[in-house]
Amino acid sequence: MAKDTSYDAVMDRRAEIMSRALGLNYDEFIISDIAFDYEGMMAKAGYSLEEVRQIQSESGVGNTPLLELRNITDLARKTSKRGFGARILIKDEAANPSGSFKDRRASVSIHHAKKLGYPGVLAATSGNYGAAVASQAAMKNLGCIIVQEVFDSRHVGQPEIIEKSRKCEAYGAEVVQLTVGPELFYVSLILLEETGYFNASLYSPFGISGVETLGYELVEQIRARYDKDPAYIVVTHAGGGNVTGTARGALKAGAKNSTIIGASVDLSGLHMASDNDFNKKSFTTGHTGFGVPFATWPDRTDVPKNAARPLRYLDRYVTVTQGEVFYVTEALAQVEGMERGPAGNTSLAAAIALARELPEDEIVVVQETEYTGAGKHPWAQLDFAKQNGIAVKRGAPKENKPGKTIVIPQNFSQITATEMDLNRMRRSYIRNALERNKVKNVTEEDIRFLAEDTKTDADFVTSVIRDLGVRL
């Protein structure tokens, strides 16, 4: 008898489908409605750092170059007060097989799928991760399906996303293209059930453990060359896996005093699931449309408990404008001779501003570059923005209005980073944890977990809970 594939029926079966597609029983880590054993989940489901390094070495992933951006550092110093302007370094993750750090994330999932005997892998993604999964699956001779949100209801798609679809197909993947909306998860569940494929989720412990090598490597490389740890590690932040994995790796390397700073493109006011807003943004990842909601409620993904938990690790969170990232993309190419895409250049734009805060003998490291899709060339995305009624001009970045105006800076001194209120986001996360789980009474175990999950303490959590009127 054929299974009921109506939306409600598939959603009712999602726990069963996900358990089979990951080979992981999340129930054993649950402590309460709020708390779960995060480190226990990472230890049991993931691989050790040395095991991951071996897995990645076998598939050509990792050990990417660490480059000093001397010319960009000089420009940052010229726009800093005397004696300030930290050295800016960048981890050239574009050297990975598919052109981004996502190869690290995909490598462990695909290795695990092969080890467990799955016939293939599936990933729901807008771009870079799909290319990484397809590339790694090709190496392991596994089937691969990539499910992408590509179009709005007019069937119009952004150049960057369409180019990344082509890249996935070039690696031999079957690409299922969807319009924006709630069907992404639904279609993914149906395909997982039909094919028996492994869910190469961005948010599983396998994916996050794959990124830990990035944080570990960059600390090792900086110590070997400069005999010190970086003052700031700047990470492009979207769904939280980049921040989580990089920070965990840096901590495992012993870099306890390095400040972890997330950076996102400011797309405030645009709704990521809105058909109307879908093509009004010029960035498909690394923006606040993912960065804020995934930080304030990480368990909104295709796994029961998200291994990407950015508030556990973020010390600061800043935003830059679309125009600033486009400007820095051009600067990196013309000043440093490196043509790279917007994901890494988001954190580079922030790093330029952040470097001005520190003395010249300190180090700011940007932990990724990427080289995939049309997004590495600003003109395709800017032309597309104009076609969708967005004004593009030169001027002051503060004039940027997401969905209306993209303002390209006129000079280097105009690049700034806007601080986000992390405590406000932490309070929002705690409220979501209580309300979404319908919690009426909070236990000491819940308070301990929430303090760890927000990088705060019991007093902070207790104060927020009392403000919400929940019984302790």
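Every residue, even glycine, has its Cβ placed from backbone N, Cα and C.
These numbers come from a predicted model, not from an experiment.
Annotation source Swiss-Prot lists N6-(pyridoxal phosphate)lysine at K102, citing similarity to another entry. Counted within 10 Å of its Cβ, the other Cβ atoms near K102 (N6-(pyridoxal phosphate)lysine) come to 34, all protein chains included.
Under the heading pyridoxal 5'-phosphate binding site, Swiss-Prot lists N128, A238, G239, G240, G241, N242. Secondary structure at N128 (pyridoxal 5'-phosphate binding site), taken from DSSP and collapsed to helix, strand or coil, is helix.
Proximity to K102 (N6-(pyridoxal phosphate)lysine), defined by a C-alpha to C-alpha distance within 10 angstroms, is shown by the following binding-site residues from A238, G240, N242: N242. Within the same chain, the residues at least 6 positions away from G240 (pyridoxal 5'-phosphate binding site) whose Cβ sits under 8 Å from its Cβ are G291, F294, A295, P298, N306, A308, R309, P310, listed in sequence order. Considering only the residues assigned to pyridoxal 5'-phosphate binding, N128, A238, G239, G240, G241, N242, the longest pairwise Cα distance works out to 15 Å. Residues L202, T236, H237, V243, T285, G286, F290, F294, A308 surround the recorded pyridoxal 5'-phosphate site, their Cβ atoms falling within 8 Å of the Cβ centroid of N128, A238, G239, G240, G241, N242, which are themselves excluded. The sparsest Cβ neighbourhood within 10 Å, among the listed binding-site residues (G239, G241), is found at G239. Counting every protein chain shown, the Cβ of N242 (pyridoxal 5'-phosphate binding site) has 30 other Cβ atoms within 10 Å.
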